[in-house]
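A.B. asks: Below is the structure I would like to discuss, written out as structure tokens.
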Amino acid sequence: MIEADRLIQPTALREDEVIDRAIRPKMLADYTGQDHVCEQMDIFIQAARKRSDALDHLLIFGPPGLGKTTLANIVANEMGVSIKTTSGPVLEKAGDLAALLTNLEENDVLFIDEIHRLSPVVEEILYPAMEDYQLDIMIGEGPAARSIKLELPPFTLIGATTRAGSLTSPLRDRFGIVQRLEFYNIKDLTQIVKRSAHFLELNLDEEGAMEIAKRSRGTPRISNRLLRRVRDYAEIKANGEISSDVASAALDMLDVDKEGFDYMDRKLLTTIIDKFMGGPVGLDNLAAAIGEERDTIEDVIEPFLIQQGFLQRTPRGRIVSQRAYLHFGYDYEPN
């Protein structure tokens, strides 16, 4: 779908992975933003280390691109243990999970991204592992099949999800710590852009960093991606100097406006205004009208628009706010 080509999509692109790993903070002291989360995690980690215990199982949720994977790796680094990483869709069979669990050392971290996509059979195996550090596996088939219990070392499961509401209650209830990551403010994003520019050895001033931050939709992954594209523009058009004017010109060229909107954001909002009189409009109708999938609209496009007050989800459907009308130069006539 069109979402896969978006410069400002918050999900990771292949080009992001290598650079993001290089500039990713390794410890809580280097982590910018999410102050409340960091303060709590610092206390929980120090307490667990003082007792020589595994950290309680941790669930991290929030929109994509906000640093869930980064935080999971920081937790492992702060605890001084190894981390094994996988994702819900990869764990197709109970044996896939069993292989990971039986290779964990004491107090290690197992990180499962997209944990809401675990299959029911794998999830069932996870319950006793999380609660009692035991693995129940079946040996044999048919009438000769029998269950055996394997003892596991104490470990920490860190689950990450963009859809906390999709987790089953039994799984959600087994996490001792639950943290929600919020969209970043411009001040914190500016610091992230400056830190990334330092690692990339770029000539970027404060105003240039802030201009990139303002258009990053509250998402560090987007900030870093926009920074790389602005770098390309500056190398050709401005001798590598990234000022506010250079950043603004580059992002205008890339079709990312002052609010961080791209073509898909504008299409969604203006479609509701032009074709559905500002709403309400149901999700299925909206998806058909803009040619995008329901999940992409719900998980990728809408969260930032709702958080910024341009769009509302109501029981009757999606409604565009007065702010959206004014942003696009429409006369506002409440429905």
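Each residue, glycine too, has its Cβ placed from N, Cα and C.
Found this in Swiss-Prot, in case it helps:
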- 4-184: region 'Large ATPase domain (RuvB-L)' (REGION)
- Ile23, Arg24, Gly65, Lys68, Thr69, Thr70, Glu131, Asp132, Tyr133, Arg174, Tyr184, Arg221: ATP binding site (BINDING)
- Thr69: Mg(2+) binding site (BINDING)
- 185-255: region 'Small ATPAse domain (RuvB-S)' (REGION)
- 258-335: region 'Head domain (RuvB-H)' (REGION)
- Arg294, Arg313, Arg318: DNA binding site (BINDING)
A.B. asks: Which whole number of Å gives the largest C-alpha distance between any two of Arg294, Arg313, Arg318, the residues noted as binding DNA?
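C.D. replies: 14 Å is the greatest Cα spacing among the residues binding DNA.
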A.B. asks: Beyond Arg294, Arg313, Arg318, what residues of that chain have CB atoms within 8 A of the centre of the DNA site's CB atoms?
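C.D. replies: So the extra residues in range turn out to be Gly282, Leu283, Leu286, Ile297, Glu298, Glu302, Gly317.
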A.B. asks: Over the span of the region 'Small ATPAse domain (RuvB-S)' (185-255), how high is the average pLDDT in this prediction?
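C.D. replies: Over the region 'Small ATPAse domain (RuvB-S)' (185-255), the predicted model scores a mean pLDDT of 96.
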A.B. asks: In Å, rounded, how far does the Cα of Arg313 (DNA binding site) sit from the Cα of Tyr184 (ATP binding site)?
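C.D. replies: With the alpha carbons as reference points, the distance is 22 Å.
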A.B. asks: Here the binding-site residues are Arg313, Arg318; which one has the lowest number of other Cβ atoms no more than 10 Å from its Cβ?
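C.D. replies: Looking at the binding-site residues Arg313, Arg318, the Cβ with the fewest others within 10 Å is that of Arg313.
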A.B. asks: Which residues of the same chain, at least 6 positions away in sequence, have a Cβ lying under 8 Å from the Cβ of Tyr133 (ATP binding site)?
C.D. replies: Glu151, Leu152, Pro153, Pro154, Phe155
A.B. asks: In sequence order, which residues at least six apart in the same chain have a CB under 8 Å from the CB of Ile23 (ATP binding site)?
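C.D. replies: Sequence-distant Cβ neighbours: Arg195, Ser196, Phe199, Leu200, Asn224.
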A.B. asks: With every protein chain in view, how many other Cβ atoms are within 10 Å of the Cβ of Gly65 (ATP binding site)?
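C.D. replies: So the Cβ neighbour count for Gly65 (ATP binding site) comes to 29.
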